[in-house]
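According to TrEMBL, the feature Zn(2+) 1 binding site maps to Cys419, Cys423, His455, Cys458. According to TrEMBL, the Zn(2+) 2 binding site annotation covers Cys446, His452, Cys478, His481. The feature compositional bias 'Polar residues' is assigned by TrEMBL to 361-370. Per TrEMBL, domain 'Recombination activating protein 2 PHD' is recorded for 414-491.
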Amino acid sequence: MSLQMVTVGNNIALIQPGFSLMNFDGQVFFFGQKGWPKRSCPTGVFHFDIKHNHLKLKPAVFSKDSCYLPPLRYPATCTFKGNLESEKHQYIIHGGKTPNNELSDKIYIMSVVCKNNKKVTFRCTEKDLVGDVPEGRYGHSIDVVYSRGKSVGVLFGGRSYIPSAQRTTEKWNSVADCLPHVFLVDFEFGCSTSYILPELQDGLSFHVSIARNDTIYILGGHSLANNIRPANLYRIRVDLPLGSPAVNCTVMPGGISVSSAILTQISNDEFVIIGGYQLENQKRMVCNIISFEDNKMEIREMETPDWTPDIKHSKIWFGSNMGNGTIFLGIPGDNKQVVSEAFYFYTLKCAEDDVNEDQKTFTNSQTSTEDPGDSTPFEDSEEFCFSAEANSFDGDDEFDTYNEDDEEDESETGYWITCCCTCDVDINTWVPFYSTELNKPAMIYCSHGDGHWVHAQCMDLAESTLIHLSEGSNKYYCNEHVEIARALQTPKRVLPLKKPPLKSLHKKGSGKIITPAKKSFLRRLFD
C-alpha cells in the first residue's frame with residue numbers, strides 16, 4: 001500500500017464529509033457539496049482531476065433536457081446496466097441530505113449523453129416510484145442484482161428524521177433508524193416493493209454492501225437504537241422468475257464490527273476494507289481483505305498502510321473509493337496553525353496492478369451519521385461509492401473554469417509536500433526552519449506556466465520575504481524561471497508624488513489674494 005498527500009486548488013472548500021465519487025469510463029466525478037449550490041455549478045457535480053498528486057475540480061456540463069439535481073450529501077449510489085453484457089452504465093442516486101438539511105426521497109438517474117475531447121455532458125432524469133416507496137433517508141445502500149436475465153435494485157438500511165408528529169423545536173433534527181425492510185426497485189417501470197425478512201432485526205446504517213450476481217452481502221453497520229456495531233454478516237439472495245420475486249436472507253459467521261468503512265476492489269474476487277469506526281470515539285485502524293471463491297466468502301486481516309501521525313491522531317476521517325484499488329481520504333486540518341486548511345487529503349493505493357473490473361460485481365457503503373459541524377466529532381463520518389477504474393487524466397484541460405468569485409477567498413499559499421524537481425529539502429527528516437512552520441515545510445507558489453509549489457527553504461528565502469510573497473496577488477518566480485519570466489514580474493510599487501495643497505500658496509499676512517486664473521496656472525505647473 002502507498003499513501004500520498006494530495007494538494008487541492010482554490011475549490012478545497014467544496015470537499016466536505018458526505019460527498020460521492022462517480023466513475024464514467026475512467027473519469028471520476030465529484031458529487032455533493034456542503035452549503036447552498038453555487039451559481040457556476042448549481043448541481044454540485046465536478047470533474048475530479050488528479051495529476052501529479054494535485055487535485056483540480058472543474059464544473060460538469062448537463063444537457064438542456066436534464067432535471068435539477070441538488071447537491072445531495074450522504075446519498076446511496078450505485079451503477080446500473082440493462083444487462084451484464086452491456087458496457088455502458090448509468091448511475092442511480094437515492095436519498096441524501098439537501099442543502100437545507102432535509103432528506104430526499106427521490107431517485108435520480110445520471111447518464112453520459114456526449115463525450116468530446118474528454119469533455120463529458122450528462123443527462124439527469126428523476127424517476128417516479130409507485131408502490132412501497134422508501135422514505136427519505138441517508139446512510140443506506142442501494143445495489144443492483146441480476147437474475148434470469150433481469151435486474152432489480154435493492155435498497156436497505158439508513159436513517160431518517162423522526163416522524164413529523166414527534167418533531168419539536170428541540171428535536172427537529174433528531175434521527176432514528178429506518179425499519180429493517182428490504183426494498184426491491186424496478187428502475188424500468190418505477191415499481192417498489194417492501195419485504196420483511198425475520199433475520200434482519202435492526203435498521204443498520206453505514207454498513208458495507210457488496211453485490212455479486214443475484215446476491216448482496218451486508219457487512220457491519222451501526223444500530224442507533226442500541227448504539228452498537230454488531231459483527232453481523234448477512235447474505236440476501238434475490239430470485240427473479242416470471243412471477244413475483246423471491247427474497248431470502250441468511251446469517252453468516254465471520255463478520256466484523258465496523259461502521260462507515262471504505263471498500264475498494266483490488267481484483268475480480270478480492271476487496272479491501274479501509275477505515276471506519278469500531279467504537280463511537282475510536283477509529284478502526286485494522287484493514288481487512290475479503291475474498292470470494294466458489295460462492296464462499298472469507299474475511300481476514302491484512303497489513304495496514306503506513307499511516308501518517310496526522311491520520312493516526314485525527315478523531316475523524318472520511319473519503320470515498322476512486323476505483324482501481326485507490327481510496328481518497330480526508331482528515332481535519334491542524335487548528336494549531338495560524339492559517340490552517342479545513343481538511344487535508346490523501347490517496348491510498350491498495351493495489352499496484354490495474355483492476356480487471358468484473359462486470360458482475362459492484363460494491364457500496366454509506367456515509368457518516370452527521371456532518372462534523374452538526375454533531376460530535378466522534379460520529380461516523382465516512383462514505384463509500386462504487387468500485388470502478390479511475391485512471392490518470394491526460395490532455396489539456398477543456399472544462400469550464402470554476403468561478404472563484406462565488407467562493408470565499410481561498411489562498412493558494414500553504415504548507416504542502418510537493419515541490420520542484422531541484423528541491424533539496426528532505427521531508428522525511430524535516431525539522432522546523434521558520435517560525436511559521438508547524439508541521440510542514442513552508443512553501444511559496446511559482447507562477448511560471450501552470451504553476452508549481454517550491455519550498456521556501458530550498459530557495460534560500462528569508463522568513464520576511466516568505467510572508468511578503470504569501471500576501472496579496474504578487475507573482476513569484478523561482479530561481480529556475482526568474483530569468484525567462486522577468487518581464488512578467490510585478491513591478492515595484494512607486495509612491496505617488498505629494499502635491500502641495502492650494503491653501504499653502506496663500507502667504508500668511510501678505511494680504512495678497514490669488515485669483516482663479518493664477519490658481520489654474522499653478523495647478524498645471526505642479527501637475
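For all residues, glycine too, the Cβ spot is worked out from N, Cα and C.
Predicted automatically and left uncurated, TrEMBL annotations should be read as such.
I'd like these features described in context: how deep, what's nearby, how far apart.
Neighbour list (His455 (Zn(2+) 1 binding site), Cβ cut-off 8 Å, at least 6 residues apart, same chain): Cys419, Cys423, Val425, Pro441, Ala442, Met443.
Neighbour density for His452 (Zn(2+) 2 binding site): within 10 A of its CB lie 19 other CB atoms from the protein chains shown.
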Could you tally the C-beta atoms, other than its own, that fall within 10 angstroms of the C-beta of His481 (Zn(2+) 2 binding site)?
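Excluding its own Cβ, the number within 10 Å is 18.
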At a 10 Å cut-off from the C-beta of Cys478 (Zn(2+) 2 binding site), count the other C-beta atoms across all protein chains.
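There are 23 such Cβ atoms around Cys478 (Zn(2+) 2 binding site).
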Please list residues from the chain of Cys458 (Zn(2+) 1 binding site) whose Cβ is under 8 angstroms from its Cβ, counting only those at least six apart in sequence.
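Non-local contacts for Cys458 (Zn(2+) 1 binding site): Cys419, Thr422, Cys423, Asp424, Val425.
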Quick one, of the binding-site residues Cys419, Cys423, which Cβ has the fewest other Cβ within 10 Å?
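Taking Cys419, Cys423 as the binding-site residues, the minimal 10 Å Cβ count falls on Cys423.
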In sequence order, what residues of the same chain, 6+ apart, have a Cβ less than 8 Å from the Cβ of Cys446 (Zn(2+) 2 binding site)?
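Sequence-distant Cβ neighbours: Cys420, His452, Trp453, Val454, Tyr476, Tyr477, Cys478, Glu480, His481.
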